[in-house]
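Undergrad: Please find one structure pasted underneath; my questions will follow.
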């Protein structure tokens, strides 16, 4: 009786046992595949954590360190103009003369106001309307940020103390002819506790971008 054999195989001695072995991944290969999958997911989670951390830092900075305020009005022209967006800092801040500050003044305005500090507690200040100048501690202020006449017809009705008392500051707008500030009884001297922070940068519009002096 003839015996049929698979084509290409002459006898049993030509059979390669490896041809019939069901090769499966070794333990080390399985571990490598699992580690590769876990590594990919770990990288994704690390990226998510970094994004959440960055968002948290931004939120904390905006709440506790910085504020973004919009400028309205003409009282700080030409230093600031309406629609300027300004970064304000308040971290361990103490007002100093010539700083531009944002002030909470609920008694007269529902929104904060922005002015320049002219004198702080212990300093002497005199508004010399006759000669169009401001004198602090006996020295005439050099104010290159002001254009034209300092006061015009804007004569204040507030009696300014010769020495600024403790806990108070004297503020004015850079546009002296069109600014309601410490010269007016409606504003008067500002409590230091009402200072929200120092205006540091203009970030928008781009043609106004820069540090505030």
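Here the Cβ of each residue, glycine as well, is placed from N, Cα and C on the backbone.
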Undergrad: Of the ranges 21-43, 44-66, which one does TrEMBL list as transmembrane segment?
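TA: From TrEMBL, the annotated transmembrane segment range turns out to be 44-66.
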Undergrad: Going along the chain, which residues six or more apart from residue 115 (active site) have their CB under 8 A from its CB?
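TA: Spatial neighbours, sequence-distant, of residue 115 (active site): 75, 76, 100, 101, 103, 171, 172, 173, 179, 181, 182, 190.
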Undergrad: As a test of reading the model: what is the averaged pLDDT for the domain 'Peptidase S26' (46-203)?
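TA: Taking every residue of the domain 'Peptidase S26' (46-203) together, the mean pLDDT is 89.
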